[in-house]
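**Q** Marked as disulfide bond by TrEMBL: Cys141-Cys168. Marked as domain 'Laminin G' by TrEMBL: 4-168, 236-422. As annotated by TrEMBL, domain 'EGF-like' applies to 169-207. Here TrEMBL flags 464-485 as transmembrane segment.
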Amino acid sequence: NYWNAASFVTSSSYLHFSTFQGETSADISFYFKTSASDGVFLENLGNTDFIKLELKSATEVSFSFDVGNGPVEIIVRSPNQLNDDQWHRVNAERNVKQASLQVDQLPLEVRKAPTEGHTRLELYSQLYVGAAGGQRGFLGCIRSLRMNGVTLDLEERAKVTPGVKPGCSGHCTSYGMYCANGGKCVEKYNGYSCDCSKTAYDGPFCIKDVGAFFEEGMWLRYNFHSPGTSMKDLVSRTLLSSTDPETTAPDLNLNKEELSFSFSTTKSPCVLLYISSYTQDFMAVLVKPSGNLQIRYSLGGTKEPYNIDVDHRNMANGQPHTVNITRTGRDIVLQLDHYPPTSYSLPTASDIQFNSPKALFLGKVIEIGKIDQDIYKYNTPGFTGCLSRVQFNQIAPLKAALRPTNASSHVHIQGELVESNCGASPLTIPPMSAATDPWHLDSASADFPYNGQAIGDGVNRNSAIIGGVIAVVIFTILCTLVFLIRYMFRHKGTYHTNEAKGAESAESADAAIMNNDPNFTETIDESKKEWLI
């Protein structure tokens, strides 16, 4: 119901619904879009009671009602124009304690209900959305109208009501920016959609990567003309040209290219992408045996191709990398991953037109005719890894191969192409090497901060750190010794005796022994007996 909407084309247009049942509570929310400065959104009347929401001016929204205690009006004033033909949200609430009104994210306006008086909102007429009672109605579009949790079917009622049209136009004005990566916003009567056909992406907002995993020896060829199409028929084709109509030449000679893709691999050397032509012109993106990236342009006018070597980074590290190449005339701009773009320029003697492009290859070059010697060497065994979101001007060869489109007839594949989202993995920045890490103590080429500079009484920072560590070790040893000594001598100064029990109450030591040892007592008693002979 989010896009259930109606367009009010005249100031007298309205829709009517059954009476709003909101005696003790009312919760009303909707979105509106207009270029008019005022108009009634909705109204429902009783004998004296009423409830109404309206656009009072280009910057004011009003919520008014009467439950029998006199009219109450709450106004929200916006610092910006509300008739800017953009969507704005209104939320009005009323209960027996208070009423409130909010527009977009502006502060909530609240009005407390009187402690005494009427509390029930008694309505009898129909609910009017738009013009009511001769008032100037709302001009524009209202959608997602909810009253006490129930969404009113504006579209269905608008189909049978003159002056009101189902749905809204101009959604792309407000939401077109959500169509990403070159996707085109398409208007619909109940919303909008994103046309991703001219992009290398998929999904509702053109943000889903379309990629595939290439096994060793696998390759893809995209022909810039359909099988059986003569060169004369190519004159009317504009897919290969850039989005700028002025760069479209009748003979398909390109003055501008825009190439972007993502890849990940652990094998080198290999050919990532190659564009051939019906002449000797070509463009190639390679991974050299060292793992570094190289871009080659051969547009004629020079004996050797123009090479752009990116020697400062290993691209065959298994991580996903993004490549963006733009050429306009002699100027080339290269951007890798999240690093700043770098500008290059073709030699003065070089031609600036890519003459008669023929085919685009991914993974391996299988082309008839002469091929650059280095590219021929890098062609075996071929690329192994992931390629995704490949786009050359308005052509997306991988997407054409994986999605049934009109361009699928241009694609030829050797091997089994398996779709994968491997290109969507985030780039993981590897740790710095010891030679370039300034915080690595053993680095010979990097200066540690304050290394060799005196601190305090002449002891450098390294010595201070070592001294601190030694002090901690000594302190730990001393604490351990103290604990052991206390444990070993915890009974020192105490002793145990076998003194007879009851000795403290006996008259003498002998008495204590006699009391404690019954055998001893018997012996004494026996010895004390007298015998008469």
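Cβ from N, Cα, C; glycine included.
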**Q** Who are the chain neighbours of the domain 'EGF-like' (169-207) in space, where the CB to CB distance is under 8 Å and they lie at least 6 residues beyond its ends?
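**A** Same-chain contacts beyond the flanks: 3-5, 7, 33, 85-87, 141, 155, 260-261, 388-391, 394, 396, 398-399, 403, 405.
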**Q** For a quick check of understanding: among the disulfide-bonded residues Cys141, Cys168, which residue's Cβ has the most other Cβ atoms within 10 Å?
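**A** Ranked by Cβ atoms within 10 Å, first place goes to Cys168.
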**Q** Using DSSP, what is the helix/strand/coil residue split across the domain 'EGF-like' (169-207)?
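**A** Grouping H, G, I as helix and E, B as strand yields 8 helix, 12 strand, 19 coil.
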**Q** Averaged across the domain 'Laminin G' (4-168), what pLDDT does the model get? Just tell me the whole number, please.
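**A** Mean pLDDT for the domain 'Laminin G' (4-168): 91.
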